[in-house]
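Reading through the structure tokens given below for one structure.
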């Protein structure tokens, strides 16, 4: 039978659903909200791929340079919500040059042209200017949600444009941004008829806000569920705001400090007593311990408590947390100490996530391994940990691994580099190996302390589901990196700093990088020659190098043996970016 006959036979044998119009499949795809499920289904045939493209309503771009904005808009024309991430994660620790890039403007301009019905925008670690915010306000007539996380480049003038122009805004969520205060009363730009706000978070804003305007806004937005205040809100005004919004589910208190007065305490206690729906509480910066009992009436209902900026310590903090028996998420400073975590262990057996931050990265420290061991033993639902401390033992890590094999995220940050087991003086290889061998569902891991290549051999062999790995001051040869890149079959992001890893494992495992989202290496043993070879070998990867500002010579003039201070490699379908600053060079 010839080719034509084969095609005819196949067409005749095709199931009847093959002839259904694309509109039917587009409707069917609306029942697959998960991106992984949609991607798997779209690979079945060309009509399903076409239907998935046309019906997609949400788009997440993990690297703003992985695709060209206008190509993304053209490929997915019906998007209503977009999330775009910019600078590498190590930007949070000051390792990425401030002028690296990640401008939001190209994405907003492309969205304005191709997604006129866009309702939501989220940017993380990107440069968002006032002009960007003005374009958002002017371009999308039904815009409802703006989330900016760890962004910079804008001011309160841009926020004023959002307030004045986005008449259907439901969420304005500003987290950990650097915002210039232009002394503009931007909250007053919300029209008096505006009532749609559900989330308002301006906790990162440094300047003053007009309290009267804020109170009027909160009063008329009856569906407001989340309110996070900055540290300029006086404590007596917090009580007034709570009386006007007793329906709040999440509250960021702001500074929470004032001279103690019994009448103010009574007002706060009464205000919190009226918040019957409050489930998530944060803030309490510089909290005065005498006011903490005002929280007691809401403790039983709290599922999330973020005190990562609260410097309160001692019995007052422990009394407070011991009343929060339904907590699922707890963020605190190490001022809680081991005794406080023992109370958490006995009181909060529904805990799922624990983060403990250092109060003084250079101080003596208040926390040991004991607190984490206690929590792991008593909280059966615990699956995510970020723990800063100054000492650890292999025995403790092995115990934690046995107690909680259900960990999906384990990030241990021992503040002093190359710190061994403080009892045996041995490397912490055995402890971290126990974590990856016991916790088979682990997706995110950060390791620290004195570690040899043996721990990387264990990670490469056992961490099959690991997606993100952070390594600092660890390993003793190229073998460590080789074990990671030749194993860890699900790895998407790898970030490394101050490790003795060089060219050989990078080039030997170059193909692995095409299956990953990104690789960051800084203060390692890489050379320019290896980066050149990698770029030639893997043309679909963008290979960026960053050296000290004083070393901005053209790459062509530098020999292969030139050390590379910082390397960032990522997969892209857009080709080399065109906005590289002087401190960044593409190989």
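Glycine is no exception: its Cβ is also placed from the backbone N, Cα and C atoms.
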One of 53, 313, 444 listed by Swiss-Prot as binding 1D-myo-inositol hexakisphosphate at the site of 85, 124, 125, 355, 409, 410, 411, 492, 493, 517
444
Swiss-Prot annotation of region 'Interaction with auxin-responsive proteins' - which of the ranges 340-345, 346-351, 358-363 it falls on
358-363
Quick one: DSSP breakdown of the region 'Interaction with auxin-responsive proteins' (358-363) into helix, strand and coil?
0 helix, 0 strand, 6 coil
Go through the chain and flag residues at least 6 beyond the ends of the region 'Interaction with auxin-responsive proteins' (413-417) whose CB is under 8 A from any CB in it; none is fine as an answer.
358, 361, 365, 386-392, 446, 448-449, 472-473, 498
Restricting to the same chain and to residues at least six past its boundaries, which positions have a Cβ under 8 Å from a Cβ of the region 'Interaction with auxin-responsive proteins' (358-363)?
311, 333-335, 388, 415
Given the recorded positions 125, 411, 492, 497, 517, which one is most crowded in terms of C-beta atoms within 10 angstroms?
125
Residue distribution over DSSP helix, strand and coil in the region 'Interaction with auxin-responsive proteins' (413-417)
0 helix, 2 strand, 3 coil
Taking the Cβ of residue 176 (site 'Interaction with auxin-responsive proteins') as reference, which residues of that chain separated by at least 6 in sequence fall under 8 Å from it?
149, 150, 204
